[in-house]
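A.B. asks: One structure, as structure tokens, below. Some questions next.
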């Protein structure tokens, strides 16, 4: 069994993408809701600003594409671990071309590119939880068994286990990593069932931080030089009870980030960036 990846949570670069005007009306969503486009863009700008200015990451900003209303959700287009990038085959056909620009950006960062070309495979990055020791892949409306097998093949150093996602769009709709060995999980029955399956599948005993709101369980964890443990999480305005739970993480730099508009089109905090740790070229 692989131990904890050296440098888990350490990132140097982030790939993000602009919000097209088409997001408001045409982006996929599980519940119909009106999106305030200007507010969504302000939220996204603030998120990118945290990555660039507050955390000091090199941010690669890809342009929005009006013909791809969901393109801001870059996480679904690629899974990056170490110096390998798996270019996915998103489950929604309307999103397949989102991978083109992502592939180019990751090539430019000199990552080893693996492409998912099997037409029977689907995989959204939102279904992939990397714990630093292993991968859990949600089998959902967007990700299938073949997609999970190709991911396992791309990242042979790590065990890959599959978890049925019976409610919610993706596995990370209700969970994420809050630190090395710490899974943040929603309190709903489907979320708790999924956690139980993950615990049963793993050789490692994970700690858990349960938050009352499933959507609040999606956060972005980093471990950065001079900053230590960093967690981007929901705001108290959006999820007051869950925001209180994060305050228990006394060793973390906690950064609340507003996501009220993008959540209407099933976009969570992890969805809006692909994080990369590039070793310095010596």
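Positions of Cβ are set from backbone N, Cα and C atoms, glycine also.
Straight out of TrEMBL:
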| type | residues | note |
| --- | --- | --- |
| ACT_SITE | 170 | active site, proton donor |
| ACT_SITE | 271 | active site, nucleophile |
| BINDING | 28, 70, 75, 76, 95, 142, 265 | substrate binding site |
A.B. asks: Whole-number Å only: compute the distance from the Cα of residue 170 (active site, proton donor) to the Cα of residue 28 (substrate binding site).
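C.D. replies: About 13 Å separate the Cα atoms of these two residues.
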A.B. asks: Sorry to bug you, but what's the C-alpha spacing from the residue listed as 'active site, nucleophile' to residue 95 (substrate binding site), rounded to the closest Å?
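C.D. replies: So the alpha carbons of residue 95 (substrate binding site) and the residue listed as 'active site, nucleophile' sit roughly 14 Å from each other.
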A.B. asks: Assuming the binding residues for substrate are exactly those in the record, 28, 70, 75, 76, 95, 142, 265, what is the maximum CA-CA distance in angstrom, rounded?
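C.D. replies: So the binding residues stretch over 15 Å, Cα to Cα.
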A.B. asks: Tell me the Cα distance separating residue 271 (active site, nucleophile) from residue 265 (substrate binding site), rounded to the nearest angstrom.
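C.D. replies: Spelling it out, the Cα of residue 265 (substrate binding site) and the Cα of residue 271 (active site, nucleophile) are 11 Å apart.
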A.B. asks: Restricting to the chain of residue 76 (substrate binding site) and a gap of 6 or more, list residues whose Cβ falls under 8 Å of its Cβ, or answer none.
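C.D. replies: For residue 76 (substrate binding site), the qualifying residues are 70, 88, 90, 95, 98, 124, 125, 126, 142, 271.
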A.B. asks: Most Cβ neighbours within 10 Å: which of the recorded positions 28, 265, 271 is it?
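C.D. replies: For the recorded positions 28, 265, 271, the Cβ with the most other Cβ atoms within 10 Å is 271.
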A.B. asks: Can you check which residue among the recorded positions 95, 142, 170 has the largest number of Cβ atoms within 10 Å of its own?
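C.D. replies: The residue with the densest Cβ neighbourhood is 170.
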A.B. asks: Taking only same-chain residues 6+ apart in sequence, whose CB is under 8 Å from that of residue 75 (substrate binding site), what do you get?
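C.D. replies: Spatial neighbours, sequence-distant, of residue 75 (substrate binding site): 125, 126, 270, 271, 272, 273, 274.
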